[in-house]
Amino acid sequence: MSQKRIAIFGSTGSIGTQALDVIAANPDLFTAEILTAQTNDTLLISQALRFNPNIVVIGDERRYPAVKEALAGTSIKVFAGEAAIEEAAAMDCYDMMLAAIVGYAGLRPTLRAIEISKPIALANKETLVVAGDIIMRKAMEKRIPIIPVDSEHSAIFQCLVGEGRNKIEKIVLTASGGPFLGKKPNFLVNVKKDHALQHPNWSMGAKITIDSATLMNKGLEMIEAKWLFNLSYEQVQVMVHPQSIIHSMVQFEDGSIKAQMGLPDMKLPIQYAMAFPNRIANDFPRYDFKKPATLTFEDPDIKTFRNLALAMEALRLGGNMPCILNAANEIAVYAFLKNRIGFLDMTEVVEQTMAKIAFIENPTLEEYFETDGEARNFAASLIHM
Ligand code: NAD
Ligand code: MG
């Protein structure tokens, strides 16, 4: 395998830093060509000094002088600002984008990469939730792969390797259930940020950790799966599997089920996406069949975790509804992280925004952008009250 130049968009995050661990462990296979971050200039600088990329971009322009000064005397080009992140994505100096920015902010850079025919290793699920039809269509036009990094979708992708045109009957997305599995609304109403930020099986960025606690994450993943694997609403099932050993499953037309298993470690799907179609040897801990010895499955409690029910509704309705759901959810999660609203209020914000913003059945890209803005403004207005 020739050396692949990886552009990591969101290099300072949970996914980004783990991707750099993979690159550091496989210097003959990968280089870091572009690194971008929003605010963490200190980490971005130390990553740049260590990996010597071609380009770094800091989103927050106030931090540009610090980054520029620290990297003076190197050959690394330094840029700043939101537009510069997009422009970096459009530069023809890398072989694959790792889309690891969190939230809607990841959409435009990913679109730019697709436009110049760069394969995408996709961690940023919100991109597909917001505009999955357009992303998949453009990727098809450019004949570039979108390889999932999200562990469930990586599992399904791995199960599909070698299946050619064999039809999928359904997929089963597994969910850990999050830290509040089995809890009821009378408990959830009092949940505070610090408690919600503790996930039992995965260590992740703040936004996805909250989404995992509310089960919105699994809802976003249902929508992500629909687009990645071209499925209908009825073909996507969620099962709670608290041990997080089976990362997801595919059931084929003959009833046969394939599962992908392993200990929960995001480095595995990250390196799989970066190295596909090859696998890379590593010394990550292996699953011992006695720890845990029992794998269990149960239906999600969508009456308690209503965010999942709302996401299922958005998936069923289609159009711009998932975009509305996503925008309201981003506003709600950040308000919860700032202690402005309670745990269950997040669902209220999403539900009311979905009821308010005009439904569009077949939105253009511009209409997705507009929908996102409108939904954000309305969701924010609910929080100010
Ligand atoms: P994180 O918060 O740890 O990191 C986010 C990265 O994006 C950082 O580098 C940050 O600087 C950058 N960023 C944040 N806001 C930005 C903005 N407005 N513009 C440009 N850059 C911005 O997030 P994470 O946990 O690494 O998650 C990244 C993405 O991967 C998310 O979409 C998440 O759903 C997905 N994902 C994460 C995991 C995980 O284990 N962390 C698992 C599956 C999927
Ligand atoms: Mg996941």
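Residue 1 is the first one shown; counting continues down the chain.
Note: Cβ is positioned from N, Cα and C throughout, glycine not excepted.
Here the structure is a predicted model, which means the values were calculated and not measured.
According to TrEMBL, the feature domain '1-deoxy-D-xylulose 5-phosphate reductoisomerase N-terminal' maps to 6-132.
Under a cutoff of 8 A between CB atoms, and with a sequence separation of 6+ in the same chain, the neighbours of Ile15 (NADPH binding site) are Leu98, Ala100, Ala123, Val149, Gly205, Met266, Ile270. Annotation comment: TrEMBL describes Thr12, Gly13, Ser14, Ile15, Asn40, Asn124, Glu126, Gly205 as NADPH binding site.
Look at His199 (1-deoxy-D-xylulose 5-phosphate binding site): DSSP puts it in coil. Per TrEMBL, the feature 1-deoxy-D-xylulose 5-phosphate binding site maps to Lys125, Ser151, Glu152, Ser176, His199, Ser212, Asn217, Lys218, Glu221.
Residues or ranges marked as domain '1-deoxy-D-xylulose 5-phosphate reductoisomerase C-terminal' by TrEMBL: 146-229.
In the three-state DSSP assignment, the secondary structure recorded for Asp150 (Mn(2+) binding site) is coil. Positions annotated as Mn(2+) binding site by TrEMBL: Asp150, Glu152, Glu221.
Marked as domain 'DXP reductoisomerase C-terminal' by TrEMBL: 261-377.
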Task = Select the closest residue to Asp150 (Mn(2+) binding site) from the following binding-site residues, measuring between CA atoms: Thr12, Gly13, Lys125, Asn217.
result = Lys125
Note = Quick note, Asn217 (1-deoxy-D-xylulose 5-phosphate binding site) and Glu126 (NADPH binding site): C-alpha atoms separated, nearest Å, by 10
Query = Do any of Thr12, Gly13, Ser14, Asn40, Glu126 (binding-site residues) have a CA within 10 A of Glu221 (1-deoxy-D-xylulose 5-phosphate binding site), and if so which?
reply = Glu126
Request  = Determine which residues of the same chain, besides Asp150, Glu152, Glu221, have their CB within 8 A of the center of the CB atoms at the recorded Mn(2+) site, and list them by sequence.
outcome  = Lys125, Pro148, Ser151, His153, Ser154, Leu173, Asn217, Lys218, Glu224, Ala225, Ser248
Key: Length of the line joining the Cα atoms of Gly13 (NADPH binding site) and Lys125 (1-deoxy-D-xylulose 5-phosphate binding site), in Å   = 15
Query = Does anything in the same chain, at least 6 positions from Ser14 (NADPH binding site), have a Cβ under 8 Å from its Cβ, and if so what?
reply = Ser203, Met204, Gly205, Ile208, Met266
Inquiry  = Using a 10 Å radius around each Cβ and all protein chains in view, which of these binding-site residues has the most neighbours: Lys125, His199?
reply    = Lys125
